[in-house]
Amino acid sequence: MEVVCGSGVCVSSLPRSSTITRSTVPQFRVSYQYLTPFPSQSHLFSYHPPPYAKTLRARTTTKPAIFLPHLVASLQQVDQTYIMVKPDGVQRGLVGEIISRFEKKGFKLTGLKLFQCSKELAEEHYKDLNQKSFFPKLIDYITSGPVVCMAWEGVGVVASARKLIGATDPLQAEPGTIRGDLAVQTGRNVVHGSDSPENGKREIALWFKEGELCDWTPVQAPWLRE
């Protein structure tokens, strides 16, 4: 038997007088790695599809993506918060300044009204503070003039609104926050914001009647979230 190897190919042959038997068949088995000059051509001798076939199949079977911002937002936790410009903020003409900060942040305004608060409503709103010594003065303050009631909606709006508003004591509030920039005393701290998503829903239901909120989609929604 003669074996000839060259150019990466190994071929074995038998003498002319020899006959092929079951015992000699394995001598003709040649592995494909010896027949391919380049590893990239190994798929020619394999049952596995080449890499480009998988890519081509993926391109032809992938459905086109459709961007629906209202559905994307619904997959995330969209909260609601109640923001109220207190009588001192209204009297000082700060309503527009406060609204613009929430708009620039990207939150959606769903309810807005100028409202004269009754004593009963103020007591219900601040009922968790009714045992505090300053409670009567707080009620007199909130009912002393009109307030601006707002409902805002967005992903993480409650926590973000609290950061935008700043600490209860304006002297402790960070510069850049509403209270840090626009107020100097706790008793005249300009604005109220819900402290939890649950209180946000409760306060919106307390200050707004049915039909006073608007359900709409801002045109800039695709530019605010991926």
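Each residue, glycine too, has its Cβ placed from N, Cα and C.
Curation plays no part in TrEMBL annotations; they are all automatic predictions.
Pulled from TrEMBL, these are the features on record:
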ACT_SITE  His192  active site, pros-phosphohistidine intermediate
BINDING   Lys86, Phe134, Arg162, Thr168, Arg179, Asn189  ATP binding site
DOMAIN    78-215  domain 'Nucleoside diphosphate kinase-like'
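Structure with TrEMBL features highlighted.
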residue	record	Cβ neighbours (10 Å)
Lys86	ATP binding site	22
Phe134	ATP binding site	11
Arg162	ATP binding site	16
Thr168	ATP binding site	10
Arg179	ATP binding site	24
Asn189	ATP binding site	22
His192	active site, pros-phosphohistidine intermediate	19
| query | How many helix, strand and coil residues does the domain 'Nucleoside diphosphate kinase-like' (78-215) contain under DSSP? | reply | 59 helix, 30 strand, 49 coil
| field | Rounded mean pLDDT for the residues that make up the domain 'Nucleoside diphosphate kinase-like' (78-215) | value | 98
| field | binding-site residues near His192 (active site, pros-phosphohistidine intermediate) (Cα-Cα within 10 Å), from Lys86, Phe134, Arg162 | value | Lys86, Arg162
| request: Rounding to the nearest whole angstrom, report the longest C-alpha distance spanning Lys86, Phe134, Arg162, Thr168, Arg179, Asn189, listed for ATP. | output: 22
